[in-house]
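Undergrad: To start, I am sharing the structure in question, which I have written as C-alpha cells.
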There are 4 protein chains.
Amino acid sequence: MAMVCLSDFEAYAKKYLPKIAWDFFAAGADDCSTRDENILAYKRIHFRPRMLRDVSMMDIRTKLLGTEISFPVGIAPTGFHQLAWPDGEKSTARAARAMNTCYIASTYSTCTLEEISAAAPGGFQWFQLYIHRNRAVSQSLVQRAEALGFQGLVLTADLPYTGKRRDDIRNGFRLPPHMKLKNLEGAFEVCKMSLLDPSVTWNDIYWLRSLTHLPIIIKGILTKEDAELAVRHGVQGIIVSNHGGRQLDGGPATIDALVEVVEAVQGRVEIYLDGGIRKGSDVLKALALGARCVFIGRPALWGLAYKGEEGLQDVLRILQDEFRLSMALAGCASVSEIGRHLVQFSKL
Amino acid sequence: MAMVCLSDFEAYAKKYLPKIAWDFFAAGADDCSTRDENILAYKRIHFRPRMLRDVSMMDIRTKLLGTEISFPVGIAPTGFHQLAWPDGEKSTARAARAMNTCYIASTYSTCTLEEISAAAPGGFQWFQLYIHRNRAVSQSLVQRAEALGFQGLVLTADLPYTGKRRDDIRNGFRLPPHMKLKNLEGAFEVCKMSLLDPSVTWNDIYWLRSLTHLPIIIKGILTKEDAELAVRHGVQGIIVSNHGGRQLDGGPATIDALVEVVEAVQGRVEIYLDGGIRKGSDVLKALALGARCVFIGRPALWGLAYKGEEGLQDVLRILQDEFRLSMALAGCASVSEIGRHLVQFSKL
Amino acid sequence: MAMVCLSDFEAYAKKYLPKIAWDFFAAGADDCSTRDENILAYKRIHFRPRMLRDVSMMDIRTKLLGTEISFPVGIAPTGFHQLAWPDGEKSTARAARAMNTCYIASTYSTCTLEEISAAAPGGFQWFQLYIHRNRAVSQSLVQRAEALGFQGLVLTADLPYTGKRRDDIRNGFRLPPHMKLKNLEGAFEVCKMSLLDPSVTWNDIYWLRSLTHLPIIIKGILTKEDAELAVRHGVQGIIVSNHGGRQLDGGPATIDALVEVVEAVQGRVEIYLDGGIRKGSDVLKALALGARCVFIGRPALWGLAYKGEEGLQDVLRILQDEFRLSMALAGCASVSEIGRHLVQFSKL
Amino acid sequence: MAMVCLSDFEAYAKKYLPKIAWDFFAAGADDCSTRDENILAYKRIHFRPRMLRDVSMMDIRTKLLGTEISFPVGIAPTGFHQLAWPDGEKSTARAARAMNTCYIASTYSTCTLEEISAAAPGGFQWFQLYIHRNRAVSQSLVQRAEALGFQGLVLTADLPYTGKRRDDIRNGFRLPPHMKLKNLEGAFEVCKMSLLDPSVTWNDIYWLRSLTHLPIIIKGILTKEDAELAVRHGVQGIIVSNHGGRQLDGGPATIDALVEVVEAVQGRVEIYLDGGIRKGSDVLKALALGARCVFIGRPALWGLAYKGEEGLQDVLRILQDEFRLSMALAGCASVSEIGRHLVQFSKL
C-alpha cells in the first residue's frame, strides 16, 4: 500500500485500529456537521496563483513565538496516543523533534510529561492544559511543564463540558485498563472529565499568568469578540479551533472563523489554527488568511497508527512536501510572500 | 439498541410502527420539500460560540405566557396518538407533566379532553382548535377546554383544507375502527376534515375572544404581514409553523420564517416555533433567532411509539440534556443570555 | 397502481412506452441541463403563504386573450402524439375540451388540423407554426387553421435548427412508417425538419400578420430584449419557453427567465410559460411571477400514454385540484389575488 | 458504439487504454478539485439566447494572430501522444490540419518537431516550450521550431515543478522503454522534468524575445495581475489555463479566471483558454466571456485513443457541429456577434 497522501493514512487507521479507538479519534459532536465543515470549507477557497516568480530557492520555515520550526505545521494536542501506538506520546514527541516542529502535549496524555520530555530532549514542546475544579492539580501540571522545559502553555477554552459524541456513547468508550491518564494519576480517577471546572472565565488567565513565565496560548477561539478578549487578557497566541468538531456541533469551520479573528487581532498576537488540514494546500490557504502556523490532530494519530514515530514523520513529510510544492506553484518562495491576495472565497 | 439521539427513536418508529401509521406521521405535502427544508435549514445556521464564561450553574427554564417550564421545548399538537401507543394522548400528557413542560392537545386527539386532563392533573396544557363550519362544535370545545383547566387556546390557521399527502392517498389512510376522534364524537362522522371551515378570517379571532378568557395563540404564521395582523387582532402568542410541511409544499422552513416574524413583532407577543427540531442545538438556534420556546411534533410520536409515556420522556430528556450542553458550549448559562449574536447564517 | 401525482404518469409512460418513443419525449439537448433546470428552479422559489383569508369559494378560472379557461393550465404544442396513443392528437383535443382549457396543436401533429378540429368541435384551440423555407407551406397551414376555427397562432421562435438530442441520435429516431406528419404531406418528405427556414427574423411577424386575423403568440422568448422586440412587432402573447430544454442546452430555466420577461413587458401583452410544470404549486409560482397561464408538454404525453383522452384528463384534473388547493393554502381565493408578494427566491 | 458526443470518446479511452496511460491523461493534482471545477463551472453559466435572427448562413471561422482557423477550437499542448496512438503527435498534426485548426505541439512530444512538421506540411502549428535549467536546450528548441515553420511560441508558465498527481505516484508512471521524449534526446535523460528551471521570471520573456521572431503566447495565467504583467512584457497572446488541473489544486476554473483576465487585458492582446471544454456550447460560453479561441487537451487524446488521426477529426467535427448549432440557437450567425450579453452567471 503506497502512502501517497494523508487519506491513505486515514484509510489505514480505519482498517487496522480497533473500532472503539477509531470511533473515538474520528468522533464529532452530534451530527458531525462541524467536523465535516472543517474540511469542506477549504474547497470553497480558491487560490489566485501567480506565475513566473523565482521559486528555485524555497524557504518554508517559520517561527512560533520566536522559535523556528521547519515548516508551519505542528502537532495539535490530542489525548490517548497509546490507543494508536504502544509508545504513545513518546513516539509523537520523537517524530515532532525529528521533523523540527512543535508538539503540543495534551493533559490527557497516556505518558507523563516527564516521559514525553525525556523522549525528545531539546524538542520544541508546548503543554496543553485543562483547568480542574481542584486548582492545585492544574497548578502542579503547569509548574511541572515549565520545569521540564515545555516552552508554552496552551489553555483549552472550549471544554467546560465534554461534547456529545454519539459513537462513544454507543461504544461505552473508556480507556483500556492498561492505559492511564498518567499526568493526573493520584489527582482523581481516570477519565472523569467532569472534574474539569466549567466556571473558568477570562480572569483565570491572570491566575495562570501568576503561576508561570511561559507564554500562554488560548485554544478554541472562534469569534472576533473572544479574540479581542484574549488579546486584552494578555495571551501570547490564539489557536482558532473548534476542537475538531468534537464540542459544539453547528459552529463554523475554523478556516472561516480565522478570517474574523485575524481581522480583530490586527497582528497584536500570533494566530494559529487547527481542524480540517488534510493537504499542503490547506496549510497554504490558512497562512494566506492570516494563520502563522496550523496544527494537525487526527492526521497525526493516523500516522502513529500506521508506524508510530516513523508513520507520523511520514505524515509530516508529506504535508511538508505538499506545502512546499503548493507555495511554489502559487508563486511564493518564502512564507513571508504568502498573503491575503493569494486566495478568494468561491462565490458558490 | 441504545437510544442516544432522536434519530434513534425515528429509526425505531419506522421499523416497528405499521406502515400506514408511520407514513401518516412522516407525511409531507406533495414532494415533501418543505418538510425536509425544516430540517436542512438548521444546517445553514452557524453558531458564534463564546468561551470562558462561567457555565457551572446552568438555568434552562423559561416561561410561556407566565407559566414556567423546565426547558424551552413543548409538545406540538399532532393527531391520533393511539396510532403510536395504546394509551394515546394520555401517555403524552403524563410525559409532558413529568418533564414539566407544555403539551398542546390536538382537536384530533384519540382521547377526550377530559381524559387528557385527568391523565395529568396539574399539567401545563394548551388546547389546539380547528374552527368548524358548525361553530357550535368549536364553541363547545373551547368551553370544555377552559373548564378543564387548559391554559391556552391554540388556533391552527393553516388548514382551510387538508394538504395533499401522497402516501396517505396511496394507503387509503383512515383511522382503524377502534380509534375515534373522541372530541368530535356526535358532532360529525370521524375523519371528515372537510367539515372544517375554509371561510375563517382574522375577524374570527374576535369571535374566539368572546368565547373564552384563555390566551389565544395562533399557529401557522409564516410572514411578517400575518404576524402584524395577528398582533393587531390581539393574540397572545404566535407559533411559526408550516404544519410540519404537511400543508402547502414549497413554503419556507420555519427557522427561516422565524426571522421575519420576530422582526415584525418586535416583542409585542411571544413567538414560538415548530418544525424540524431534532437536536438540542436546533432549540438553541431557534431561541437565538427570537423564539421563546419550540414544540416538537414527530419526535414526540417516535418517543410514544418507542415506550409510550416513558419513551416520550426519554426523547424530552435527551433534548433537554443536549440543549443544556449546547448552551454551555456556546457560553450561555441561562436562556436570558441567548441572543441574535449567537448565530449567523451561512453564506452557502 | 394509484395515479396520485404527475410523477406516477411519468413512471407509467417510462415503463410502457417503447424506449424509442419514451426517449424522444424525454429528450433534452446535450447534457439535458436546461431540461432538468426547468424543474429544479421551482424548488428555489418559496411561497409566502397568507393565513385566515376566506377561501371557501375558490375561483381558479382565467382568460387567455379573452377566452375563459377552467384553470390556468393548457396543453403545449408537442409533436407525434400517436407515439403515445393510437388516436394521437384527436384524444388530446378531446381531453382539452372536456377540461375546458386551451390546446395548442403542433405543426408536427400526426393528425391533420381538420381531424383535430373535428375531434373537439367548439374546443379552444391554437395552432403552432414553424416557418418553412417554402413559405407557401406555412401560409397554407395558417389559413387552414384560421378557417377551421383555431383561435390563435403560436409561432415557435427557437428552432431555426433542431437541437442535439443524443438519445435520438443513438436510437436513430424516426417516425414509424404508419405515422405521418399529416399536416405537411405533399409539402415535403416526412420528418425533414431541415426544411424549416433558419433565416426567419422579426420582420416575418409582419408577414404572418398579413396572412391572418388570428392573434399571434410567440413561443421561445427568454430575454427582456426579445420580449421588447416581440411587443414592438405587435404580437398578442409571449410564451416563455426553452422548448422543454430540447434546443439550446445551457439556457435558463423558464421560471427564471419569466421574471425578466415580465419586467420588460410591463403588462403590454399576455405572458405564458411552459417547461418544468409538475405540480399545482408550480403553476401557482408561475402565476405569482407574472404568467397568465402555463402549458404542459411532457405531462400531457404521459397522460395520453396512460389512457389516451381519459389519461390526459386525469393529468389535468390532478393539476387542477393541486392548483386549487395550493391557492387556498396560500390564501388566494381567485387568480386575481395571486401576485409577486406570494413568492420569494431562496437565498440558496 | 455510436460516437455522439465527447463523453463517448472518454468512455472508449477509459475502457481501452492501459490503466497507467488513462490515469496519466486523466490525472489532476491532489484531490482533482480544480480539474473537476473546470467542467462544473460551465454549468453555472447560463445563456441568454436571442431569437428570430437570420442564422441561415453560419460563419464560425476565426483568426489566431491573423491566421484563419475553421472554428475557434485548437489542440492544446499535451505530452506523450504515443501513449494514446502509435503514430503519436504525427496523427495529431494531421487531424488538426485536416480540420484546418491550430495544433500546439508540446516539448514533451514523443515525435520530434521535425516529424510533426513533416506530418502535416502547411499545417498551422505552434510550439509549446518549457524553459530548462540548461538554457541552450531551450534556445535550440525555439530555433528549430521557428526554422521548421511553427508560427507561434507558447511558453508554459505554471510548471516550475510538476504537480502532485497521486495516481501517477501509485502507478510509478514512466514512459514505456520504446517511447522517448524525442525533442530532448541528448539533452538529458528522459522524463526528468526536474531539469526544468524553477527560477524563470518575467524577464525571461525578453530573453525569449531575443531568440525568435515568432509571436510569444504565455500559457497558465489565472489572475489580472499576471495578465497585466504579460501584456507589459510584450507577449502576443495569453492562454488562461490551470494545466487541466494538474498543477496547483485549488485554483479557479479557467472559465471563471477568464473573466478577470479579459477585464484586465482590455483587448490589448488575444486571450485563449483551455480546460473543461466538453461541448460546443462550452466553446460558445468561453467566447462570450472574451476568449478568442479555446484549446482541447484530454478530448484530443480520447480521439487519438479511439482511432488516431481519424478519431481526433471525429472529436473536432463533433465540437464544430455542436458549436455551430449552439451559435445558431443562441442567435449568432458569426463569431463577431458573440459577446458578453449572451451569458449570465447563475445566482446558484
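Backbone N, Cα and C define each Cβ position, glycine as well.
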Undergrad: Can you tell which of C:Arg165, C:Arg324, C:Arg340 TrEMBL lists as binding glyoxylate with C:His243, C:Arg246?
TA: C:Arg165
Undergrad: Between 0 and 100, where does the mean pLDDT of the domain 'FMN hydroxy acid dehydrogenase' (C:1-348) sit?
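TA: The average pLDDT of the model in the domain 'FMN hydroxy acid dehydrogenase' (C:1-348) works out to 96.
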Undergrad: Sequence gap of 6 or more, Cβ distance under 8 Å: name the residues on the same chain that satisfy this around C:Arg246 (glyoxylate binding site), in order along the sequence.
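TA: Within the chain, C:Arg246 (glyoxylate binding site) has Cβ neighbours under 8 Å at C:Ala27, C:Gly28, C:Ala29, C:Arg35, C:Gly163, C:Arg165.
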Undergrad: Under 8 Å Cβ-Cβ from C:His243 (glyoxylate binding site), six or more apart in the same chain: what's there?
TA: C:Thr156, C:Asp158, C:Leu159, C:Gly163, C:Gly220
Undergrad: Using the recorded glyoxylate site (C:Arg165, C:His243, C:Arg246) as reference, state which further residues of the same chain have their Cβ within 8 Å of the centre of those residues' Cβ atoms, listed in sequence order.
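TA: For the glyoxylate site the neighbour list reads C:Ala27, C:Gly28, C:Ala29, C:Arg35, C:Thr162, C:Gly163, C:Gly244, C:Gly245, C:Gln247.
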Undergrad: In the structure shown, which of the binding-site residues C:Thr156, C:Gly275 has the fewest other Cβ atoms within 10 Å?
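TA: Output over binding-site residues C:Thr156, C:Gly275: least Cβ neighbours within 10 Å is C:Thr156.
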Undergrad: DSSP three-state call for C:Gln128 (FMN binding site): helix, strand or coil?
TA: strand
Undergrad: Can you tell which of C:Pro77, C:Gly79, C:Gly297 has the most other C-beta atoms within 10 Å, given these are the binding-site residues?
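TA: Comparing the binding-site residues C:Pro77, C:Gly79, C:Gly297, the most crowded Cβ belongs to C:Pro77.
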Undergrad: Which entry in the list of binding-site residues, C:Gln128, C:Ser241, has its Cβ near the fewest other Cβ atoms, using 10 Å as the limit?
TA: C:Gln128
Undergrad: So what sits near C:Ile277 (FMN binding site) in its own chain, CB-to-CB under 8 Å and at least six residues off in sequence?
TA: C:Val73, C:Val283, C:Ala286, C:Val294, C:Phe295, C:Ile296, C:Pro299, C:Leu319
